[in-house]
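Novice: Checked TrEMBL, it gives:
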{"type": "COMPBIAS", "residues": "428-451", "note": "compositional bias 'Low complexity'"}
{"type": "DOMAIN", "residues": "304-410", "note": "domain 'SSD'"}
{"type": "DOMAIN", "residues": "878-1003", "note": "domain 'SSD'"}
{"type": "REGION", "residues": "423-454", "note": "region 'Disordered'"}
{"type": "SIGNAL", "residues": "1-20", "note": "signal peptide"}
{"type": "TRANSMEM", "residues": "259-277", "note": "transmembrane segment"}
{"type": "TRANSMEM", "residues": "284-305", "note": "transmembrane segment"}
{"type": "TRANSMEM", "residues": "311-336", "note": "transmembrane segment"}
{"type": "TRANSMEM", "residues": "357-380", "note": "transmembrane segment"}
{"type": "TRANSMEM", "residues": "386-411", "note": "transmembrane segment"}
{"type": "TRANSMEM", "residues": "565-583", "note": "transmembrane segment"}
{"type": "TRANSMEM", "residues": "850-869", "note": "transmembrane segment"}
{"type": "TRANSMEM", "residues": "876-897", "note": "transmembrane segment"}
{"type": "TRANSMEM", "residues": "909-932", "note": "transmembrane segment"}
{"type": "TRANSMEM", "residues": "953-974", "note": "transmembrane segment"}
{"type": "TRANSMEM", "residues": "980-1004", "note": "transmembrane segment"}
Amino acid sequence: MTLSVHSAILITTIFLFANGYDVFPTHFKDLPIDLDHVPYKSRSLAWLFKDNFPNGTRRLLRDPAHRFWIRKIESYSFSVHIIYQAKHGNIFTKKNLQMIKLMEEDLVSSANHTKFCATVDKTLKCKHLQSVIQFFDGTFSHVNEMFNNTFENISSVLFEANQNNRTKDTLKYFLSDDYKITSTFVHASMTRTKIPVGYPSPVGGNKNGDIEKETKNYMNNEIKPKLIKWKQVVKDFDIYYISWFYFHEALYEQTFFDLYFTIGSMCFIFCFMVFYTRSLWITVWAVFSIFTSYLGTNLLYRYIIGYKYFGYFHIIVIFIILGIGADDLFVFYDTWRLTSSSTNLARHLSEAYSKSMFSMFVTSLTTSLAFFVSALSPFLCTKSFGIFSGILVIINYISVITFFPAVLILFRIKFETICRGSSQNDRISNSQNINLSNSRESSSSSPVSTSIYEPCSPSNDIPDINGMHKNCSLNYYNLNQETIEVNTKTNVVKEQNKMNRIESALSKKKKPIDNGDLNQTIGKKNCKLGCLNVMSLCCCSPNHMIVSILRDHYSRFITKKYSRIVILIMFLIILVFFLYHATHLEPDEQQPNNYQKCSSNIRTSIKFFKNGHNLAEARYYNVHGFQKYDEDRFVKVYILWGIKERDKSICNFTSVSCIGKQVYDEEFDPNPTKNQLALKFSYQDFRLVNKLHPNDNFTLPGYRPTLPWNYSKTMEFMNTQPEYYWGSFNESFTDYFDIPLQFWLLNANTLTYSADYTMFNGLIGEQRTPFSQKPVFGFPTYYGNKIKYLAIQINTTIDKYRINYKNGIPIVERWEAFVNKMMKELPRGLQNGYQLTPFQWDWLYVQQTMSNSAILGLVLGLSLFFPIITISTMNIIIGLVSTLTICCTTVCVVGVIPLVGWKLGLLESINLCLVVGLSVDYVVHLAEGYHLSKKKTRLERTRDMLESMGSPILSGAISTLGAAFFLFFCQIQFALQFGVFLFCTIGFSLLFSLGLFSTLMGFIGPENSSGSLKGLCSWFKNSKKYTVASKGPLFETSVARL
């Protein structure tokens, strides 16, 4: 039945995938981290697509420099940025510049370069490569004769370029932040080159998609191979290159390549399971159950819940479930093996369930709850990850307690019986065995009794000198006569003599002699019989020396007085060290750069490739390594009318690609007289904004024609311009404000360039109406249009690279309050405006949410863990010590983040939400082992705890650490960082559970019923009854009886 369910999951997934269903809706282009409850992302999208309305008109100029031609516009996606970093300090040496020049000439030497380059004019002449070489090859010789073809006087040439007003802004782009230039000295560690590639536009009969495909082929087949070649050839400086096209292609390729490490993790866990269980049968079906649990979770996540996003974190879940699933399997397998005290399968299964199911339930519950806490995040990537992972842990637990027991039962019936022999002579008879269990029971402290099916672990009183663990059906202490008769007569006599010596030693309470020889003689022969089947490599368990060490040696070590003091001091030092670093954790303050225009989700601060990768270095240096123009450095605030916030109600709640619908404000009307005057004088109110942020400067469109403007004034004005306007409008024409506005922007209708056109043309949108007309001379520019939107740009001095959510959100709130107040005072038709910054304000709230999510995840995880572990163990002392252990693990993992140079970003906040869930497993298993011990003293219970649970949690930790180790080789930063986080979390969890928790249990662990919730409840009831009785008339009698 259980096999049918798992097989059905696998077959269903294959069927859906083969028939074209989007079973895994992968999306690796970016991370969806939108905040729907914050309006600034919707406002930024509305501004980004402000011109996406029908019948829009462009204000074209006669000036050829402002006409449109093929590939005039540079493509942000395809243009390549090349960074040169000197290995010996200064990039501006003659040798380096000559090498850069040769490289640039090689890059543009291809005949196809002229087909894809950005063009200067309608002659389709390619733009020059933008680099510092331009100041030496004669490009700027018309500015100064010094800018000629020579590298003999580098310092004086660059000094002149830096002083000349016509070239200093151009030079600034090529100077790194550490540059120094004088007339006799020049130094900079880096410079860069930009290859301007034109925006793919159709030529002749080609479609736009064909041109884009050809551009991609050109980038991959001609530019990229040359860049790789020069990276290998040049030795004096490092070369890094990036374009968004290369970036996204590499991201997809690397993501799927890193999936191979998942296979490596699975192979490691598979091999470790084979080693641990010594059974291919158990291992194959165990891995199969983990794999089908993942597929079953995806079907539920995809088609029942309805999520359409499958990203990086869903891939990383594979590594998590490999570790968690293996841990649960080891726990159940060890419990099954250690409880094999009955020939009745039902009883055997019942004992295994009673001793393992509840502890696995508690660990699965806490882990899944920790994942579900991540689902409270407003980020789609985090929310979907939390839901997917939480469901996966639950399904895996159900698989372990339903499917895996069936595997073990079949293994015992089909394969394990081989160990016992196929004939009656090879079986152990209860009626004829030599039962020494009473002697063992009187001296052993193990809560699990030994019998015919007991694993052959050495006893406490009669240690196995040779370390043989008898997981065959022959019990070390219960030998029957028939088995001895299998040997030759001579061997039987020898072995019987050994048994007599053992019995004699037991009666005298002395250590038996030569017991290992007996174990090897009889035990090994029977174990060899089990190696006959490929599905059972050997029925005998591997040598569990770890169990002996933990139970006999380690338990004595941690319970000694002086050892205990040293251990506690050591853990205190570790805790203080990581606590100090945890207090230095800072939020990630990096802001999105201008490439945000090309993607609505991707963030500069989210690092996709690890350090040392070409794209990681190029991306970082290109944004943070060079001088910044004030235009790119400082935040611009826009006051926008005519466009509402982007409507995302049409989007599915899990859709990544949906960016909503553009909605325009039909109430916006700048034409009424009072609205014109309000717009004219509104700039005066912005002078008060200095109170919000000091030293801000403002620019506002100027109004050359005298305002206000009305219909009669419009007709009078148009009659004075017969060379431009055809005639007059009738009185139903109401968009007359467009006439003076366009007159001003088009430089008094001359259609020539002006500074005002450059500054304000992008702030006003026009839409053609039935009244719209072309000028007399037929130029493709319309007048008499409807003003669709209008914006005011405010240039602030807020540095986008230094602002963070702590000091930035108060500024945003003051801006919002100020603009809202102003809108209420404006006349009707102007009251729906709002303020925005393109993808700046929303990033501050993203930072805040990431920080709050991390704190919320930790607090909720710890808050949920304490009551769960306390109720499960029914002991408040165990609950407090367990929670303390988890807190120590959490502090250390948080301290690792700043220690390795990371800041609190999206990846870190998600990881911190999982700390509690991933670190509870080992502590819970140990707590359950302590709680289930039948002994009374804390030392004996600690010993039993380590014996029963030490081996499975150590095996689970090895499997998880091994799975995490493969992530270290990934190039994607997500995988690498999560691997480090997972490795540290499991490592610290193992360290503090076996170290701190075990030591504290041996020191202050509850004895008898101390700390028991039942005892506390009984005490509370008795005290309450005593209080009531003390107030009654029988009080004296009660006291007398006491």
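Glycine is treated like the rest: Cβ placed from N, Cα and C.
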Novice: Count, for each of 284-305, 386-411, 565-583, 909-932, the Cβ pairs lying under 8 Å from the transmembrane segment (357-380), and report the range with the highest count.
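Specialist: Selected stretch: 909-932, with the most Cβ pairs under 8 Å.
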Novice: Is the transmembrane segment (980-1004) close to the transmembrane segment (876-897), in the sense of at least 3 CB pairs under 8 angstroms with a sequence gap of 6 or more?
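Specialist: Since 3 or more Cβ pairs under 8 Å link them, the transmembrane segment (876-897) and the transmembrane segment (980-1004) do come into contact.
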Novice: Among the recorded stretches 565-583, 909-932, 980-1004, which has the greatest number of Cβ pairs closer than 8 Å to the transmembrane segment (850-869)?
Specialist: 909-932
Novice: What residues elsewhere in the chain lie close to the signal peptide (1-20), defined as a C-beta under 8 angstroms and at least 6 residues from its ends?
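Specialist: Same-chain contacts beyond the flanks: 288-289, 291-292, 295-296, 298-299, 399, 402-403, 406.
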Novice: Taking every residue in the domain 'SSD' (304-410), what is their average pLDDT?
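Specialist: Overall, the domain 'SSD' (304-410) comes to a mean pLDDT of 84.
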Novice: How does the domain 'SSD' (304-410) divide up by DSSP, counting helix, then strand, then coil residues?
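Specialist: Taking the domain 'SSD' (304-410) as a whole: 89 helix, 1 strand, 17 coil.
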